[in-house]
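Step one of this worksheet: look at the structure below.
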């Protein structure tokens, strides 16, 4: 059975105790009540602390949760769902044959969670999938007060929505930066699974920078915090907080075979939240940027073939004409290693970074060309016609090749009208199930460059292979687009 991504939110598994006595420090001066003492876990000046209740003889997070749970709300939605209207003629036919016409379907109710992020303005952050299409949105606070909410703005690509209620005496969570978050940090989740209000669970951060593994599409911006969460329906939009009670994520999804918790939960980090929330507040939508490049990831073969064995980043496969990238001097074959001051691991990092910048923003872009590091200034432009921030490669990732076995390689036929002229070699045939076919070479491909050497004809290709061992990095023209193949 395939794994399914269920859009719900997390209730994180219990903190992994016990803690070795030599690693627990009782700090009496920070006593919160006569029976409570602050306990610092692991020592060393870290800010991860619990409270020791000397009266009951237990460690507890209760004082911290007294500050957190009032900021997490329950969301109930109502969506009117009606059967299509019938003509009088069809209505009469149904009554003749079935005794009565089909009844209108009743409204559908949904449950979710939200986090108060601005108490004075009554702003609540939640998942877009919790409120999308809802005709009514009802908010229930921790003190049982109820309010009807309006949608300030929503962003399906990050699955975030901002709501507003007219209420006083609200408690908002402080939003922490996720730049300092580390795998292994303790986290607490608060939400309303199955409608059970103010449910609190805990666990650790299992991984950072996770992507959607269920094929959600390239139009989504994905940089999830993974937790060992007990995520269940109704927790979507709830809070993931650190051990200081600060918001570090909005719980949003799980991977599960059953639809219930399997210990793999995901939260949207605050680096995404703060940007999206600011734009939703100002514009009611997210206005995304683009720089105009086709990008791909660097396989080990491409790294070695291009002489970039230790480099991480996004490979530029093609630069759009008159785009910000072209104006900044980027070229096909460049490897972008940093954007706007942040190092990049792969193409998804670049897509997220560019897509979440407001159009018109200037940013530094650092890239490698011919083994040399360069930096340019680039101005992000608005996405046109609902395109994503960065155009993705037109082909799926092409596996590495052990050899060219199974491919018939010739000079370029004279009757081909090619964008870049007749320099290179032509793949006139690929034998089914051959090494070349399994590796991704296709009939009609034109190999323009191998490693960093431009090919002029078939003889230059043969000469290069005679004098150079693999792996090879090929620049291939396919259907007017440029692709990079790694060949071992």
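Backbone N, Cα and C define each Cβ position, glycine as well.
Taken from TrEMBL as is:
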- 1-22: signal peptide (SIGNAL)
- 129: active site, charge relay system (ACT_SITE)
- 129, 159, 234, 235, 236: substrate binding site (BINDING)
- 159: active site, charge relay system (ACT_SITE)
- 236: active site, charge relay system (ACT_SITE)
- 280-348: domain 'PDZ' (DOMAIN)
- 387-480: domain 'PDZ' (DOMAIN)
If you measure residue 159 (substrate binding site) to residue 129 (active site, charge relay system) at Cα, how many Å is it?
6
Which of the three DSSP-derived classes (helix, strand, coil) applies to residue 129 (active site, charge relay system)?
helix
Compute all pairwise C-alpha distances among 129, 159, 234, 235, 236, the residues listed as binding substrate, and give the largest one in whole angstrom.
15
Out of the binding-site residues listed (234, 235, 236), which are within 10 Å of residue 129 (active site, charge relay system), Cα to Cα?
236
